[in-house]
Amino acid sequence: MQKNTLGSICIVGGGTAGWMAASLLSSALQGSRIKITVVESPDIATIGVGESTVPTIMDFLRSCQINLKEFVEATSATFKLGIRFDDWLKPGEQFFHPFGRIGQDVNGFEFYQVWLKTLRDGHATRWLDHSPCAIMAENQRFMLRPPQQQNWVLNSYSHALHLDAILAARYLRELCKTRGIERVEATVNKVMVDERQFIRSLELDNGTTLASDFFIDCTGFKGLLIEGALNIGYEDWTHYLPCNRAVAVQTENASGLHPFTVATARDAGWTWKIPLQHRTGNGYVFSSQYCTDDQAIDTLRKAVSGKLLNEPRVIPFTTGRRKKIWHNNCLALGLASGFLEPLESTAIHLVHKTLVHFVRHFPDRDFESYTEQAFNQKINIDYQEIRDFIILHYCTSGRDDTEFWRWCQAMPVPDSLYEKISLFRERGQIEHIPGQFFTIDSWCSILDGMKVSPKKYHPLVNEFDKQYLATLMQESARSVRETVMKMPGHEEYIQQHCAVKKPSV
């Protein structure tokens, strides 16, 4: 080992973020002599609400060499093809944000541009008719994507998971145990910081002192290291996204295991419904400016179906992020790094993306400032992209039936989002930077669902023969539907391949 190579990493806090960090780093640093330790307090409960994920969860599992079937069974997971948005445009209306590709580009032109021209020419197909994930969700179908298929439909869909976050953390903890990760069961009493603002050690309640070269703060909202010890500061985005509380409750499954999350707009925010194999996760994200805790709990109780398995609990939060997510020898991860409401299920994705950026910019004991700066720039862009995408759902809504939604009608919009929406309104185009998570298809799906109609489409699309494009659209929609209808049902697939094993009597 080189003299300046890190010798140790200490992850403070367990939960999903802490054990994701330990799992991914144990794989990424395989063969190195870097010691990884997780300090997990038996006295501090994890939030454990984030049960809906996006397709990058599959990248995380692959990078950690985790078997999907085993993970699904261990976490009581179901499969997810996207999010259904109920009552967002107006009460009684719904639309779907699917994963995966929608249609195929035509001679280098984005599919949305070609579809938009055929729509204006009177050859109507729905935008989502060309989405394998949307049609699969609509018909409750699912199967894992087979490798190397000629059929474009089978190559165009992707999926995520609905999972039990507590069970996921437990699974990853057991995995890390087999990989030699040391777990210290203790609570941090004091963080020792030197004159250069580097963390040197932790004083634990078991009487020991734990030193390390690098620390990863997974201590939740309070940010015990990044904020409590290093006072890094927080960038508050409440002026863009006023929801600041959530109430969560678990219920028995009262309906089928649909392969999508349901997000329903409410008077002062929105509710989620996430089906797992053994229960359903429910919650209400709301603004305390327009709704009390008691009103939110009452709204959620009326919205859920199935017997309550626990008492509703309220979780306060402040939307935003730390001013620096990596500072000196400390990286903030998960809730310690910031919070964006779970409207697009991005919490676990941000943990994974932060870890990927960290491994790419992995430091040595010199802790060069430009490496840290490059990392922070990357993760700040990721946070801003997700922030803007969430704001999009509110600022394009047609609802004006409550004070909350009337505020959204005139809400402030970041310049980065305003420019994106303005270009779309002009000619149906989305400026997309390579590496961004949300695709052009994702942006178009939300804007189409909110009935934001472009004035024009790309002028060169007019060079295509109208009948050729009309036939192309009909064939595309037919191919998607025919392929999907040959797939098994979602519940049937789970029962046959990855159902939770019932304990033997």
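In case you wondered, yes, glycine gets a Cβ from its N, Cα and C as well.
Among I34, I36, I199, I348, the residue that TrEMBL places alongside G14, G15, T16, A17, V188, L335 at the FAD binding site is I348. Looking at V188 (FAD binding site) and K80 (active site), their Cα atoms lie 37 Å from each other. According to its DSSP assignment, G14 (FAD binding site) is coil. For the pair G14 (FAD binding site) and E344 (L-tryptophan binding site), the Cα-Cα distance reads 24 Å.
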